[in-house]
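*Asks:* Attaching a single structure in C-alpha cells format; questions to follow.
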Amino acid sequence: MFDSLDALLLARIQFAFTVSFHFIFPAFSIGLASYLAVLEGLWLKTGKQLYLDLFKYWLKIFAIAFAMGVVSGIVMSYQFGTNWSVFSDITGPILGPLMAYEVLTAFFLEAGFLGVMLFGMNRVGKKLHFTATLMVAVGTFISAFWILSVNSWMHTPVGFTTGANGQLLPEASWFEIVFNPSFPYRLVHTVIAAYLTTAFVVGGVAAWHLLKDKTNGHARKMFSMAMWMAALVAPIQIFAGDMHGLNTMEHQPQKVMAMEGHYESHPEGAPLYLFGIPNDEEQRLDYAIGIPKLSSLILKHELDAPLAGLDTIPDEDQPPVLPVFFAFRVMVGIGFAMLGIGVWSMFARYRKKLYDWPWLHRAAVLMGPSGFVAVIAGWITTEVGRQPFTVYGVLRTAQSASPLDAPAVAASLIAFVVIYFAVFGAGTWYILRLMSHPPHLGEKGVKRTEKGPVRTAGITPGPTQNPGRGNEPLPDHEVAPAE
Amino acid sequence: MSINFDLTTIWAFIIAFAVFAYVVMDGFDLGIGILFPTFEVGPERDRAMNSIAPVWDGNETWLVLGGGGLFAAFPLAYALILPATYPLIIAMLLGLVFRGVAFEFRWRDPGHRRIWDAAFTGGSFVAAMAQGMTLGALLQGVTVTGRTYDGSWFDWFTPYTLLTGVGTVAGYALLGATWLVWKLDGESQRHARKLGKRAAWATFLLMGGVSLYNVTLNAQYAERWLSAPEIYYAAPVPILTGLVALALLRALSVERHSKPFWLSITLFFLGMAGLGVTMWPYIVPPDITIWDAAAPEKSQVFMLVGTAIIMPIIIAYTAWAYWVFRGKTEDEGYH
C-alpha cells in the first residue's frame with residue numbers, strides 16, 4: 001500500500017514536471033507563430049525591409065522554441081499511457097478521438113509547413129512562404145483548441161456513460177463533448193494568455209535594446225507593437241479570466257473556494273482574502289488579511305450574497321488549498337501588472353515618450369518573462385484545483401495511475417528532471433543569446449551555411465559597434481530585400 | 001457486430017499504416033543520426049543534416065499519430081503496452097529529445113557542436129534500439145490480468161528483444177544510408193553507398209534471425225509460418241523479401257540514386273506484412289485481440305470520418321513539402 005502511494009505521488013510529480021516544462025514552449029510559440037505571420041504579412045503588404053528583418057530575427061528564436069515544444073510534447077502524448085494507463089483505458093473512448101484529431105488537424109499541419117517556413121523562402125516564393133507561415137500559426141491554434149477541449153472535459157465531463165467494462169463511453173453528440181461547459185472559457189483565457197506571454201517577451205527584448213540605444217528603429221517597432229498588445233489585450237484577459245472564474249464556480253465550486261481561501265461558508269457576504277496561509281489540517285486560513293464582502297461582490301455581484309465554503313465539501317473531495325490559493329494570487333497579480341504596463345505605455349505614447357522613458361523600458365524588461373510565470377501559475381490553479389480527481393467527480397487521481405513500481409517511476413522522474421534542465425536549459429540559453437543581439441537591417445534567416453559569414457550570434461558585432469541603424473550592406477548570400 | 005468487425009479491422013490497418021509511415025520516414029532520419037559519426041566533420045555532416053532538417057518534424061509526427069491513434073482506437077492496448085515497456089518508452093522519448101533539439105542547437109552553438117552531434121547520434125541510436133525492443137517485447141508476449149499489465153518492469157529485457165532492437169538499428173541505418181545515396185553526390189554519396197551495403201547485409205541477417213526466432217516464440221506464430229494451408233498465404237512474404245534484397249544489393253552496386261531507398265522501403269513494407277501475418281488478430285499477444293482492445297463504435301466512426309477527410313490532405317501537403325526540397329542537398333543559403 002505504501003509502495004503504491006509512493007508510485008502515485010512520483011507519477012504525479014513526473015506529470016506536473018513534464019507538462020509544466022512543455023507548456024512553456026507552446027505558450028510562447030502559439031503567440032510567436034501569429035506574430036511572425038503578422039510580420040511577414042506586413043512585409044508583403046508594405047514591402048518594408050524592417051518587417052522582414054524582424055521576421056527573421058524572431059524566426060530563429062521560434063525555430064528553437066518550437067523544436068523544444070515538439071520534443072517535450074511527444075513525451076506528453078505517451079505519458080498518458082506510461083504513467084496513467086488506467087486513466088487512458090477508461091477515458092480513451094472519449095479523449096482518444098479528440099487527441100487523434102489534434103494530431104491530424106494540428107500537428108501535421110505545423111510540422112508539414114514548418115520546414116518550408118524555416119528553410120523554403122528561396123524555393124517557393126513569397127506568397128507561398130507566407131501561406132506556410134500562416135499554416136504553422138493556424139496549426140498552433142488548432143492544437144490549443146483540441147488539447148484544451150480534452151483538458152476541459154476532464155474538468156467538466158459531459159455526454160458520457162459508464163460501460164460494463166468500466167470505460168467512459170461517448171453517449172451524447174461529439175459536439176457536446178468537444179464543447180463541454182468549461183471549454184470556451186478555458187480556450188479564450190489560455191490562448192489570450194499565450195498571446196500576452198509572447199507580447200511581453202517581445203516587449204521585454206525590445207525594451208532591453210531601447211535601453212541600450214533608443215534610436216534602434218527595429219526595437220522601436222517591436223516595442224510599439226508589444227505595448228499595443230499589452231494595452232488592448234491585458235484588460236480583455238482580465239475580463240476573460242473573470243468569466244472563466246464564474247464558469248468554474250458554477251461547475252467546480254470547491255476549486256473557487258480553494259482559490260479564495262474560503263474554508264468557511266459566509267452566509268452574509270464573503271471577504272476577499274488578499275493574503276493568508278491556508279491550513280488544510282485545521283481547515284482555516286491563518287494570518288488572513290481580507291476585504292469584507294468583496295469576494296461576494298466579485299463572484300455574485302452583490303455585497304451580501306452568501307458564499308459556501310469548503311466546510312460544505314467532504315474532506316476527501318477537497319483540493320489542497322495552499323498551491324491553488326497562492327498560484328491564483330500570483331496569476332492575478334501578474335495580470336494586473338501587465339495591465340499597468342499597458343496603461344503606462346498608453347500614457348507614454350500619448351506624451352510621445354514611448355521610446356524615451358527608461359523606467360518604462362526597465363519595467364518592460366522585468367515583465368518580459370512574467371507571462372510564463374502567470375501561465376504556469378494559472379495552470380497550477382486550475383489543475384491542482386481539480387484534485388483529487390483526474391476526471392472531475394468521476395475518476396479519482398489515485399485510481400488513474402499505471403501499475404508501476406515506485407523505483408521505475410522514480411528513475412524516470414530523475415531522468416526527466418536532469419535531462420530537461422540540461423537540454424532545455426541550453427536551449428533557453430541559446431534563445432537568450434539570440435535575444436541579446438539587437439535586431440538590425442539585413443537580419444539573417446535560419447538558413448544553414450558554412451560558407452560566407454557564419455550567421456551565429458557570436459560573430460555579430462556587439463551592440464556598441466552596431467547600433468542597428470542599418471547602414472551595413474547586405475551580405476550577398478542573403479535573401480534579397482523586398483522590391 | 002459485423003459493422004464493428006469492419007471498423008475495428010479498418011482501424012487496425014490505419015494504425016498499422018501510421019506505424020509503417022513512422023518507421024520508414026523517421027527511420028531514415030534516425031538512421032542518419034546513427035551513421036552520423038562516420039561522416040566527416042564539416043560540409044559532409046552539414047549536408048547530411050540539411051537533407052532531413054526540413055522534414056524530420058513532419059516525419060516524427062507519425063509517431064504521435066501512432067501513439068494517439070492507439071489511445072483513441074485501441075485504448076486498452078495503449079494502456080497495456082506502455083506500462084509493459086515503460087523503461088523502453090521513456091528511453092525512446094528522451095532519445096528523441098536529444099535527437100530533436102540537436103537539429104537546432106548544433107547550428108546555434110558551433111563551440112559545442114561536437115556535443116550536439118553526439119546527442120544527435122546517441123539520441124537516434126537509443127530511440128531506434130528502444131523502438132525495436134518494444135516491438136520485440138510486444139511479439140514475445142505481454143502478461144495481462146483483467147485490464148492491466150501484470151508483469152514486472154523488466155520483462156521486456158530478453159535476448160530476443162535485444163535482437164529485434166539491433167535489427168531495427170540496422171534497418172534504420174539502411175534507410176538512412178540509402179536516403180543519403182539519393183540526396184548527396186560525389187564522395188559523400190560514395191560513402192553512403194558503402195554504408196548502405198553494410199547496413200543492407202546486417203539488416204538481412206538480423207531480419208532472418210528475428211524471423212527464425214519468431215516461430216519458436218509461440219505456437220500460433222509457428223503455425224502461421226510452418227504449416228499448411230497458412231504457409232501458402234505466408235510464403236510470398238519471405239520469397240519477395242529475398243528478391244527485393246537481391247535487387248537492393250544490385251542497386252547499391254551500380255550508379256543508382258533513388259532506387260536503393262525505394263527498395264529499402266519495400267523491404268520494410270514486407271517486414272511489416274510479415275509482422276501482420278504473425279500477429280493477426282492480436283494487438284497485445286498472446287491474449288488481447290484487436291476486438292478486445294477496440295474503442296466503441298461511436299468513437300471509431302467519429303475518428304474515421306476525420307481521418308478519411310484529413311489523411312489525404314496530410315499526405316498531399318507532406319508530399320508537397322518533400323517536393324519543395326527535392327533534388328540533391330546543396331549548401332543551403334549559398335545562391
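Just so you know, glycine gets a Cβ as well, placed from its N, Cα and C.
It should be emphasised that the depicted structure is a prediction, and the values quoted were computed from it without experimental measurement.
Sharing the record's features from TrEMBL:
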- A:15-36: transmembrane segment (TRANSMEM)
- A:57-78: transmembrane segment (TRANSMEM)
- A:98-121: transmembrane segment (TRANSMEM)
- A:128-148: transmembrane segment (TRANSMEM)
- A:187-211: transmembrane segment (TRANSMEM)
- A:223-240: transmembrane segment (TRANSMEM)
- A:324-347: transmembrane segment (TRANSMEM)
- A:359-380: transmembrane segment (TRANSMEM)
- A:409-432: transmembrane segment (TRANSMEM)
- A:442-453: compositional bias 'Basic and acidic residues' (COMPBIAS)
- A:442-483: region 'Disordered' (REGION)
- A:474-483: compositional bias 'Basic and acidic residues' (COMPBIAS)
*Asks:* Using a Cβ distance cut-off of under 8 Å, indicate which of A:98-121, A:187-211, A:359-380, A:409-432 has the most pairs with the transmembrane segment (A:324-347).
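*Replies:* Checked against A:98-121, A:187-211, A:359-380, A:409-432; highest Cβ contact count belongs to A:359-380.
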*Asks:* Using Cβ atoms and a strict cutoff of less than 8 Å, what residues sit near the transmembrane segment (A:359-380) while being 6 or more residues removed from its termini?
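*Replies:* Sequence-remote neighbours of the transmembrane segment (A:359-380) are 19-20, 23-24, 27-28, 189-190, 193-194, 196-201, 203-208, 210-211, 223, 226-227, 323-324, 327-328, 330-331, 334-335, 337-338, 341, 344-345, 348.
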*Asks:* Tally Cβ pairs under 8 Å between the transmembrane segment (A:223-240) and each listed stretch (A:15-36, A:98-121, A:187-211, A:409-432), then give the stretch with the top tally.
*Replies:* A:187-211
*Asks:* Go through A:15-36, A:98-121, A:187-211, A:409-432 and flag the stretch with the largest number of C-beta pairs under 8 Å relative to the transmembrane segment (A:128-148).
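*Replies:* By the under-8 Å Cβ criterion, the transmembrane segment (A:128-148) pairs most with A:98-121.
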*Asks:* Mind checking which residues reach the transmembrane segment (A:57-78)? Cβ under 8 Å, same chain, six or more beyond either end.
*Replies:* 18-19, 21-22, 25-26, 28-29, 32-33, 35-36, 39, 99, 103, 110-111, 114, 117-118, 202, 218, 416, 420, 423-424, 427, 430-431, 434-435, 439, 443, 445-446
*Asks:* Quickly jot the same-chain residues contacting the transmembrane segment (A:409-432) by Cβ under 8 Å, restricted to those at least six beyond its ends, or write none.
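*Replies:* Cβ under 8 Å, 6 or more out: 7, 10-11, 13-14, 17-18, 21, 61, 64-65, 67-68, 72, 75, 82-83.
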